[in-house]
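Let me begin by presenting the structure, written as structure tokens, before commenting on it.
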Amino acid sequence: MEGGLSSFWGPVTAAEWCEKNYVYSSYIAEFFNTISNVPCILLALIGLINALRQRFEKRFSVLHVSNMILAIGSMLYHATLQHMQQQGDETPMVWEMLLYFYILYSPDWHYRSTMPTFLFLYGVGFAMAHALLRFGIGFKVHYVILCLLCIPRMYKYYIYTEDASAKRLAKLYVATLFLGSICWLADRLFCKEISGWYFNPQGHALWHVLMGFNSYFANTFLMFCRAQQREWDPKVVHFLGFFPYVKIQKPKSP
């Protein structure tokens, strides 16, 4: 949306959201949509520290790092509203979903090298195609399909998990996804009406914050499930009584 200050980055070449541009700084196009990615980075950093400190498998460290990369890409996109930065936001979104797909399905995959090879080639192919073409609605449909492919496995993990605290993580994952989706849709579909309000609730910024927590809850739940598979005696504990993370006890080597 058009704003007040002059643009440091030049004319807008990317998709805009329901926030006035360059209101608070000539260097940041969508201020709230930019800074709302900070919680995502902090939550991913906390998850990364826990994964490294307890020596979880490298896949989880890569997953947390991918969350941070995605949030940084989103910051650059919303700060500049340039097409190249939008691609730098959208391509990591697909890569991240391919990583989730690997973490969810690889434990039962009998041909170990085929899945990571296929997912890697798929990710490279998508990045090349996305760099050359403007997908528009096609990107959104593609991303939703990737998300839907992960749901059956997440549900299987949920029903086979007996720990009440771990199940609560899964429920928080669903709740933040549901609320975030409402915020995203409201910001996208009712922008004209919202623009006339005295106060803009910044639905897309709320989507970023909720998706930061959504990724953290998903990652923590998957770390718990994987630790169960490895018989590492996982427990969901809470820092300061409310912030959940997974604590494991690996069996001592004989």
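Using N, Cα and C of the backbone, Cβ positions are placed for all residues, glycine too.
The Cβ neighbour count for W17 (Ca(2+) binding site), using a 10 Å radius over every protein chain in view, is 22. The Ca(2+) binding site annotation in TrEMBL covers W17, E19, N21, E30.
Counting only same-chain residues 6+ beyond the ends of the transmembrane segment (31-49), those with a CB under 8 A from a CB of the stretch are 17, 19, 23-25, 60-61, 63-65, 67-68, 70-72, 74-75, 78-79, 202, 204-206, 208-209, 211-213, 215-216, 219-220, 245. The annotation transmembrane segment is assigned in TrEMBL to 31-49 (among others).
Residues of the same chain lying 6 or more positions beyond the ends of the transmembrane segment (61-81) and with a Cβ under 8 Å from any Cβ of it are 9, 12-14, 16-17, 21, 27-30, 33-35, 37-38, 40-41, 43-45, 47-48, 51-52, 88-89, 91-93, 95-96, 99-100, 103, 208, 212, 215-216, 219, 222. Annotated transmembrane segment per TrEMBL: 61-81 (among others), in sequence order.
Annotated Zn(2+) binding site per TrEMBL: H78, H204, H208, in sequence order. Counting every protein chain shown, the number of other Cβ atoms lying within 10 Å of the Cβ of H208 (Zn(2+) binding site) is 25.
Annotation comment: TrEMBL describes 118-137 (among others) as transmembrane segment.
Per TrEMBL, the feature transmembrane segment maps to 172-190 (among others).
Marked as transmembrane segment by TrEMBL: 205-225 (among others).
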Exercise. Around the recorded Zn(2+) site, report the further residues of that chain (criterion: Cβ within 8 Å of the mean position of the Cβ atoms of H78, H204, H208; site residues excluded), sequence-ordered.
Key: W17, E19, E30, F32, N33, T34, S36, N37, S74, A205, W207
Quiz item: Out of H78, H204, which of the binding-site residues has the smallest number of neighbouring Cβ atoms within 10 Å?
Solution: H204
Practice problem: Using C-alpha atoms only, work out the spacing between W17 (Ca(2+) binding site) and H208 (Zn(2+) binding site) and round it to an integer in Å. | Solution: 13
Practice problem: Any same-chain residues 6+ apart from E30 (Ca(2+) binding site) with CB under 8 Å of its CB? Would you list them in sequence order, or say none? | Solution: E16, W17, E19, N21, H78, A79, L81, H204
